[in-house]
Amino acid sequence: MHPSSRANGPAPHKPYNPFYLQLYFWVIIAIILGALLGHCYPAVGQQLKPLGDAFIKLVKMIISPVIFLTIVTGIASVAHVGTVARVFGKAMVYFLFFSTLALLLGLVVAHVVHPGAGMNINPVDLHQGEIANYVEKSHDLTLVGFLMDIIPKTLLSPFVGDNILQVLFVAVLFGIALALAGERGKPVLNLLDALTVPVFKLVQMLMKMAPIGAFGAIAFTIGKYGVDSLVNLGWLVGSFYLTSLLFVLVILGAVSWLCGFSILKLIRYLKAELLLVLGTSSSESALPSLMEKMVQAGCRKSVVGLVVPTGYSFNLDGTNIYMTLAALFIAQATNTELTPAHQLALFLVAMLSSKGAAGVSGAGFITLAATLAVVPEVPIAGMALILGVDRFMSECRSLTNFIGNAVATLVVSRWENALNHEQLKIALDGNEAAYQSLHAKDAEPSLSR
């Protein structure tokens, strides 16, 4: 390195680092202001729901192009179909193992804490009208239906819907076809490579609107449900948050340590995205940014393109913890005795139903209804108990799902020898000078490496 460049190395550090110019700072401010507005003026807060909905719709608008371009260019550049199958297989092994751990953890905590004990609720007295819609949707959840729904009606229909797995399916097939086309497919690959630049610029533009979306979403949540709704069921909510924290810091933390990185540094690296997920209660709102940041952290683009979108359907750690914990809470609150056989049935069905509801609005509640349906002894009407606080637990579900998918991407990348450890260290250590030097090469073209 030239002496002058070393001497001037720290110079660009300050212009990029003022906290008041960072996205996460303004998202925090928006969340605080939204919560205050929703608490002090509930009616006004509820009217701001369109702000949050509009932002999430804008992000969903760009998700399909991001996934398609990332996967197609990644697979086509690999040029080996066997590599794609190997990465997918490793990802599914990881997802199955940690989804099982999450379900078991929720089950164990429910037995240790007994969050519903002593409530002595009579299911007949519960108002079931509000949960009827969720129960009806749960009837449509079948494994065969879920698998068939992955196949789109036409090649273009995934881009006008909201099923991530359909986009993933088409992108993988198109990427493999492009790789098999060889030199004749190069012009198409170059075109798609060039398209990644404006698409990811658009992602950056949309992310600047995140504070507005977070403000509206939080104002609506607090305005409609109120902080008071947390008091009566605080033991359940607290148990869920602590269990999710335990899963992230202990289980995912141990996996991260074994793979050579810190879970706390990863959380710091993704702080802007995590705050966005917290504000919007939707992990999908940060999906494009997560894919971009994982590549910038040293993961190979083809691995990111396969693991992240697939993980959004198959690696829902927060949802899995919620389902077993909530199911046993309802059983305890209604004084329902569950035998080991009943609990095993709940566990097995939860493993399947959590995948079948991917991309469905109100997925957590719908999968819970589907899971409870296999054990008639547990009254589905008991779901009305947690309807008021489900929105507050939704944030924790989304955050845990998001962190779980970030860790999964790094672990599978390392497993596949597709992780640049030096680049990862620079990103997670927050070495601004080195990071800006790396980022100056233009993050979007780096996606096509």
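From the backbone N, Cα and C atoms, a Cβ is placed for every residue, glycine too.
According to Swiss-Prot, the transmembrane segment annotation covers 18-38 (among others).
Feature annotation from Swiss-Prot assigns transmembrane segment to 61-81 (among others).
According to Swiss-Prot, the transmembrane segment annotation covers 93-113 (among others).
Residues annotated as transmembrane segment in Swiss-Prot, with sequence analysis given as evidence: 159-179 (among others). Sequence-distant contacts of the transmembrane segment (159-179) (same chain, at least 6 residues past either end, Cβ-Cβ under 8 Å): 60, 63-65, 67-68, 71-76, 78-81, 84, 149-152, 185, 188-189, 284, 305-306, 309-310, 312-313, 358-359.
Summarising the annotation, Swiss-Prot assigns transmembrane segment to 202-222 (among others) and lists sequence analysis as the type of evidence.
According to Swiss-Prot, the feature transmembrane segment maps to 244-264 (among others). Remote same-chain partners of the transmembrane segment (244-264), defined as residues 6 or more beyond its termini with a Cβ less than 8 Å from a stretch Cβ, comprise 98, 101-102, 105, 109, 317-318, 321, 396-397, 399-400, 403-404, 407, 410-411, 414, 421, 424, 428.
Taking Cβ pairs closer than 8 Å, the transmembrane segment (311-331) reaches residues 91-92, 94-96, 98-99, 102-107, 109-111, 115-116, 164-165, 236, 239-240, 243-244, 247, 252, 283-284, 287, 337-338, 343, 346-347, 350-351, 353-355, 358-359, 363-364, 367-368, 371-372, 377-379, 382-383, 385-386, 393, 396-401, 404-405, 408-409 in its own chain, all 6 or more past its ends. Feature annotation from Swiss-Prot assigns transmembrane segment to 311-331 (among others); the stated evidence is sequence analysis.
Taken from Swiss-Prot, the feature transmembrane segment covers 369-389 (among others).
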Best-packed against the transmembrane segment (202-222), counting Cβ pairs under 8 Å over 18-38, 61-81, 93-113, is stretch 18-38
Within-chain partners of the transmembrane segment (61-81) [C-beta distance under 8 Å, separation at least 6 from its ends]:
158-159, 164, 167-168, 170-172, 174-176, 178-180, 185, 189, 192-193, 195-196, 199-200, 202-203, 206, 284, 287-288, 291, 300-306, 309, 447-448
